[in-house]
Amino acid sequence: MNDYHLEDTTSELEALRLENAQLREQLAKREDSSRDYPLSLEEYQRYGRQMIVEETGGVAGQVKLKNTRVLVVGAGGLGCPALPYLAGAGVGQIGIVDNDVVETSNLHRQVLHDSSRVGMLKCESARQYITKLNPHINVVTYPVRLNSSNAFDIFKGYNYILDCTDSPLTRYLVSDVAVNLGITVVSASGLGTEGQLTILNFNNIGPCYRCFYPTPPPPNAVTSCQEGGVIGPCIGLVGTMMAVETLKLILGIYTNENFSPFLMLYSGFPQQSLRTFKMRGRQEKCLCCGKNRTITKEAIEKGEINYELFCGARNYNVCEPDERISVDAFQRIYKDDEFLAKHIFLDVRPSHHYEISHFPEAVNIPIKNLRDMNGDLKKLQEKLPSVEKDSNIVILCRYGNDSQLATRLLKDKFGFSNVRDVRGGYFKYIDDIDQTIPKY
């Protein structure tokens, strides 16, 4: 049996299994209807250990969970732990927004996915996982990129939103739309060994994201998981805490009387710590939830709120075409026996990236260190004794972004004239030239 037929048969078996579970559920409901139980007998067994916890409110609390609709924006490092716990707890409808696909580099932290699903849409992979976990729930997927045009249509009808995204732009959009629709948001982020979590727009009286952050961080201060890395269990713990906070919201643990805005900070290394800080409430001058707000549904949908312009973006395209070379051109000069005699080969990735995998001929000077030299040639010569103003310098980084910035530094600050960066960087070289080099 070939792979195609095997995959087809597996899908058919999965569909039959789900259909069987749904039929059993319908039968159980009919059998229980005469007794007027709010849950099926199987649901009593499934959620029993949860219902006997006094704080959940017993059967009434479980019915609340069953009647609640939660939207999870992002099925990555935060969404992956949050989704199965929400499904396992019995949240009746779960929506998943994500247009990304599963990649091998995701799997160390996004443990809801697995190796067999590489290339599959994350929202579909998540749907398959949580419907296997709990066939009593309804799961809706949105394989689209969230934007000003579709956010209102996607959000409406949901009681709570989990913001599991990794960019300030999307966080502002999620918060703005939620405020306009009167939806409470559980928002979190994580990077490296740390994470943070908060609740926004609680019952339309709590602060929104703009109350906390009226202006976004500068683009060069924002680091993604791809750039900064992340420890799986650390972000997983934050995602699990998001599920806890969502259950507390649904079960009425938080009330208008006892809720106080907070920011929870988690750090996994060197010793684990969890701190909670009291945050300020709604701000009267907030453009989204304040008295004279201008960020309305109409303004967002018409595109009058330019999130890209507001949050900014790092401009990496700072080199002229003749200051860049392709990986093919680099390969030709790299294979020249006199390469090192004619060129200085500089790798500007962070040192711990360089240690994972590098060209043996490359000298590692992270771009941060180059910046700190502030154009001082003597400081550069301490690292590169052979470098002179007329040296031919070839610069490499991970993706071909920092190498452009380094090219500008060496030309504009240090006064070098013969500097070129490798377009696409180290990873482009691996993809196009030599797949035997480790790619991380």
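Backbone N, Cα and C define each Cβ position, glycine as well.
As the structure is a computational prediction, the values presented were derived from the model and not from experiment.
Listed features, source Swiss-Prot:
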type	residues	note
MOD_RES	M1	N-acetylmethionine
BINDING	G77, D98, S105, N106, L107, H108, R109, K122, D166, S167	ATP binding site
BINDING	C208, C211, C286, C289	Zn(2+) binding site
ACT_SITE	C225	active site, glycyl thioester intermediate
MOD_RES	S326	phosphoserine
DOMAIN	339-438	domain 'Rhodanese'
ACT_SITE	C397	active site, cysteine persulfide intermediate
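Per Cα geometry, C397 is the residue among the recorded positions C208, C211, C289, C397 nearest to R109 (ATP binding site). Here the candidates are the recorded positions C208, C211, C225, C286, C289. The one whose C-alpha lies nearest to that of D166 (ATP binding site) is C225. The ATP site in the record is lined by G77, D98, S105, N106, L107, H108, R109, K122, D166, S167, and its two most distant CA atoms lie 21 Å apart.
Just so you know, the Cβ of S326 (phosphoserine) picks up 14 other Cβ atoms within 10 Å once every protein chain is counted.
Between the listed binding-site residues, namely L107, C211, the fewest other CB atoms within 10 angstroms of a CB are found at L107. When the neighbouring Cβ atoms lying within 10 Å are counted for each of the recorded positions (C208, C286, C397), the highest count belongs to C208. Note on proximity: of the recorded positions C211, C225, C289, C397, the one nearest G77 (ATP binding site) is C225, by Cα distance.
For the domain 'Rhodanese' (339-438), residue counts in helix, strand and coil come to 44 helix, 14 strand, 42 coil, using DSSP. Close to the residue listed as 'active site, glycyl thioester intermediate' in the fold, though at least 6 residues off in sequence, lie G76, G77, D166, L191, each with a CB less than 8 Å from its CB.
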